[in-house]
Amino acid sequence: MFKVPPVPAQRLPELLRQMPKAELHIHIEGSLEPELIFALAQRNGVALPYADVESLRRAYAFTNLQSFLDIYYAGASVLLHEQDFYDMAWAYFERAAADNVVHAELFFDPQTHTERGVTMATVVHGLHRACVDAGQKLGVNASLILCFLRHLSEESAFETLEQALPFRDKFISVGLDSSELGHPPEKFARVFARCKELGLHLVAHAGEEGPPAYIWSALDVLKVERIDHGVQAVHDAALMQRLAQDRIALTVCPLSNQKLCVFPDLADHNLGKLLEAGLAATVNSDDPAYFGGYINDNFTQVFAATGLTARHAYQLAFNSFEASFAGNADKRAWEHKLKETFERCVEHDY
Ligand SMILES: [Zn+2]
């Protein structure tokens, strides 16, 4: 492992912004900024229950996951055509490139759209075209993760999978998101078993608001390769050991945790504890338009609040590459670039 040189505290925020990183937990529908929601509403003739951009922004005062999800689904209602999905993803990629994201794995929620009569082809083609362009025009390597909404039925998840199979070459993994409490991973055991047979990667949200038991069943019943969030693992010593031993990555989202009151005070966030316990934690933005920041905001704010250091920064970026579903050659190239950024930082020259 690279020996991280000492970095003066005042240079840390710039290092966090400059270092190359992968984003592994970003719901593309959660990157819809109020301005784009209004622009798309106008383009598509959709009436919104908010008078203007400012009143929509004011409605972003969530208190928990459910109150957030209610607004999130209202925002997604403006997405109707392939170009809308492209424009949404492209806006995210431009911000990701500015934050030195070199690789992104985007979650998308087809059921949010197919339930409104938008076809799977419209959703997947728009997002996939943006992924291709992100690689070619912005240097952001990108792929898609199809998520099942866990508050809907197993039957609906199976139907969604069926609809997505003609586009099997355009997504690399499936995930599980939306309201966690009351919807344990085992509800989707058979769908995930089928996806595993199809050769898809598997991830799931677990242990955000839900108990450590949900993380156990995501691992043992769903057989996931990464846990999205997972911050509740600290309440279960045996689970912490398992996650560390098997190098199961956690895609942690500090500003989301703060905004949804999982850690109302960012200073209490357990990111440092997870890293010190040897877990492969990463930092991500979750739903950046709604939670007050993109990936670099997540890094700089959680570091400022909790006093993490350059050593942690290196580990987090390194973990993000290792935990990604990218190929080994790409991982080595990004890790090399990461090392160079740290060396340049010590020489006071980015
Ligand atoms: Zn999420």
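Quick reminder: no glycine exception, Cβ is built from N, Cα and C everywhere.
Here the Cβ of GLU208 (active site, proton donor) has 24 other Cβ atoms within 10 Å, regardless of which shown protein chain they belong to. Per TrEMBL, active site, proton donor is recorded for GLU208.
In sequence order, HIS25, ILE26, HIS27, GLY30, CYS253, LEU255, SER256 are the residues of the chain that are 6 or more apart from ASP286 (Zn(2+) binding site) and have a CB within less than 8 Å of its CB. Residues annotated as Zn(2+) binding site in TrEMBL: HIS25, HIS27, HIS205, ASP286.
Long-range neighbours of ASP287 (substrate binding site) (same chain, six or more residues apart, CB within less than 8 Å of its CB): ILE26, HIS27, GLU29, GLY30, SER31, PHE68, TYR72, SER256. According to TrEMBL, the substrate binding site annotation covers ASP287.
Per TrEMBL, domain 'Adenosine deaminase' is recorded for 20-338.
Annotation comment: TrEMBL describes HIS229 as site 'Important for catalytic activity'. HIS229 (site 'Important for catalytic activity') carries a strand DSSP state (E or B).
In sequence order, ILE26, GLY30, PHE107, ASP177, ASP228, HIS229, THR251, CYS253, SER256, ASN284, ASP287 are the residues of the same chain, not among HIS25, HIS27, HIS205, ASP286, whose CB sits within 8 A of the CB centroid for the Zn(2+) site. Counting only same-chain residues six or more apart in sequence, the Cβ atoms lying under 8 angstroms from the Cβ of HIS205 (Zn(2+) binding site) belong to ARG150, GLY175, LEU176, ASP177, GLU180, ILE227, ASP228, HIS229. Taking GLU208, HIS229, ASP287 as the candidate recorded positions, the subset whose CB lies under 6 angstroms from any atom of ligand 1 is empty. On the 0 to 100 pLDDT scale, the domain 'Adenosine deaminase' (20-338) averages 96 in this prediction.
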